[in-house]
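Novice: Quick one: the structure is below, and I'll ask about it shortly.
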Amino acid sequence: MAPHSHQESTFSADFFPSGTFTPNPQRASIARMVRSQGFVEAKLFLRHGEQQLLSFIIPLGMLLALAYLPLLDDPNPLDKGFPMMLALASMSSGFTGQAISLAFDRRYGALQRTGASGVPAWTIVSGKVLGVLSVSFIQIMVLGIAALVLGWTTTTSGALMGLLVFFIGVAAFTSLGLLMGGTLSSELVLGLANLIWVILVGVASYILFQGSTEPTMWLKLIPSVALSDGLYSGFGGSFPTADVVILLGWLLLGSVMANRWFKFSG
């Protein structure tokens with residue numbers, strides 16, 4: 001037995017340098033933590049049936065209705081309808097989805113448990129934002145392809161401006177969702193987030209269905225109106241300066257207030 005043990009020791013020394021099996025736990029890089037958190041958030045969002053309904057099924061169904069039913073007195077109803085559906089989708093994923101999921105994460109201590117693993121608090125929030133951006137990319141791919149198949153057209157410059165406005169809008173609504181979900185109780189958020197979503201969609205839809213009248217500046221101060229009007233102008237080839245400024249203002253307001261009052265437990 002002794003020669004055999006000596007042979008095993010020699011084999012280990014030859015093939016495995018000293019320290020190979022010594023525990024060496026290290027903290028993951030910031031980029032890796034944010035990426036992993038973003039992947040988890042996006043996967044959880046896409047698995048949630050209610051979020052799929054609000055973010056994909058309803059906008060897609062309304063897009064089909066606008067294309068095939070005489071709902072608008074317009075020979076090209078998707079010119080205004082498609083931007084409206086993108087605005088609806090971004091509100092669903094950025095505002096309603098984030099507010100509700102974050103509020104219940106706080107209620108059940110999920111954020112605290114994640115933070116106890118060594119992940120910084122701001123990394124958790126960054127991961128949520130990355131998750132929303134990932135879902136938004138899928139949204140614009142699905143709805144964009146559907147709109148193109150249904151006959152919607154734009155130019156290359158128009159598409160680029162529309163994408164810019166879309167992601168600014170997503171960022172603005174996400175900041176507002178983080179503000180609501182990070183400050184109020186889950187019971188209040190569940191009802192209030194859905195109510196605000198209905199109001200925002202209702203106002204933007206009213207502007208869409210009332211005809212060709214340009215929304216007033218007061219109406220554009222409502223983020224859903226600013227986003228849908230900005231997308232319409234952007235895809236049409238003109239940069240919507242006023243709409244972008246308004247959306248950036250909402251983004252700044254939501255970010256500052258969320259940073260001030262955000263709570264990781266509740």
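For all residues, glycine too, the Cβ spot is worked out from N, Cα and C.
From TrEMBL, here are the annotated features:
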DOMAIN    42-220  domain 'ABC-2 type transporter transmembrane'
TRANSMEM  53-72  transmembrane segment
TRANSMEM  84-104  transmembrane segment
TRANSMEM  129-152  transmembrane segment
TRANSMEM  158-181  transmembrane segment
TRANSMEM  188-209  transmembrane segment
Novice: Going along the chain, which residues at least six beyond the ends of the transmembrane segment (84-104) come within the CB cut-off of under 8 Å?
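Specialist: Residues 44-45, 48, 51, 54-56, 58-60, 62-63, 66, 110, 128, 132, 135-136, 139-140, 143, 147, 166, 169-174, 176-178, 180-182, 184-186, 189-190, 193-194, 196-197, 200-201, 204-205, 208, 224, 227-228, 231, 266.
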Novice: At a C-beta cut-off of under 8 Å, are there same-chain residues at least 6 beyond the transmembrane segment (158-181) that contact it? List them, or none.
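Specialist: Distal contacts: 83, 86-87, 90-91, 93-103, 106, 125, 128-129, 132-133, 136, 140, 189, 192-193, 223, 226-227, 230-231, 234-240, 243-244, 247-248, 250-251, 253-255, 257-258, 261-262.
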